[in-house]
Amino acid sequence: MQTTKIVIAIDGFSSCGKSTMAKELARKIGYVYIDSGAMYRAVTLYCIDNDLFENDTVNESELQKVINTLQITFKINPESGKPETYLNGENVENEIRSMRVSDKVSQVSAIPFVREAMVAQQQALGKQKGVVMDGRDIGTTVFPDAELKIFVTASPETRAQRRLDELQKKGSNVSFEEVLDNVKKRDYIDQNREISPLRKADDALLLDNSKMTLAEQDAWLIAQYNRVIEK
Ligand SMILES: Nc1ncnc2c1ncn2[C@@H]1O[C@H](COP(=O)(O)OP(=O)(O)O)[C@@H](O)[C@H]1O
Ligand SMILES: Nc1ccn([C@@H]2O[C@H](COP(=O)(O)OP(=O)(O)O)[C@@H](O)[C@H]2O)c(=O)n1
């Protein structure tokens, strides 16, 4: 029997494991995984590489001229089986995860016309359902009617350590303090911006995974999916 496809929204604080669990769930249930944060990161990389930052401020009128021409797409890497982000045809997967992008992404994501453009693309990508999307405003703004909503959190120190381990594995020599500072700053900007601030949707399930292993959180998430599907 074919099960009805639903939309699964996974929101929460930076670096807690949203995309890891979202990707794994999507793989198990044959859904498409969409990393909405990668889209904001790609816009930020565009701004950095095209000199749209002037003394730490974005040249919004220049960005507004091009925002709807930016092509942000995802393609599965056949070797790793994982989705990678492309900006205007170029693979930017590694670059968008760098600290130079992390440093500026929350500032760019707070710009209303940037959000408007990204939300429209995300809604189009999830229109047919059968998607797991992670981000900050998926359950509140992008898919307020999502059938399953999760809000993930963990202590800032735990999150910074997880992100540090990941960056160090990729060869970055960033410090714990630098990562912790970035995580806290982004949380602050993301929670306090005017448009679609980061917050738990009233009907989202809260998951604090500070003390959970990857296997435990994966098992918890698939149980939530099965509960919704079997209703
Ligand atoms: N429960 C966990 N325990 C330990 N590390 C985890 C856990 N969940 C995720 N991670 C690791 O934390 C890092 C950040 O996870 P990620 O999924 O990128 O977070 P987010 O999407 O919330 O920013 C990754 O390296 C991931 O492997
Ligand atoms: N739906 C979303 C997703 C990300 N973002 C922004 O994009 C940034 C990077 O998102 P991300 O999911 O890649 O961040 P990490 O938690 O993976 O570090 C966030 O800090 C937010 O500023 C957003 O505003 N709305």
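For all residues, glycine too, the Cβ spot is worked out from N, Cα and C.
What TrEMBL says about a protein is an automatic prediction, not a curated fact.
Here the Cβ of THR20 (ATP binding site) has 16 other Cβ atoms within 10 Å, regardless of which shown protein chain they belong to. Residues or ranges marked as ATP binding site in TrEMBL: GLY12, PHE13, SER14, SER15, CYS16, GLY17, LYS18, SER19, THR20.
The domain 'Cytidylate kinase' annotation in TrEMBL covers 8-216.
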Next on the checklist: Centre the Cβ atoms of GLY12, PHE13, SER14, SER15, CYS16, GLY17, LYS18, SER19, THR20, go out 8 Å, and tell me which other residues of that chain have a Cβ in range of the ATP site.
Outcome noted: ASP134, VAL152, ALA154, ARG159, ARG162
Item to check | Annotated binding-site residues SER14, CYS16, THR20, filtered by Cβ under 6 Å to ligand 2 | outcome: SER14
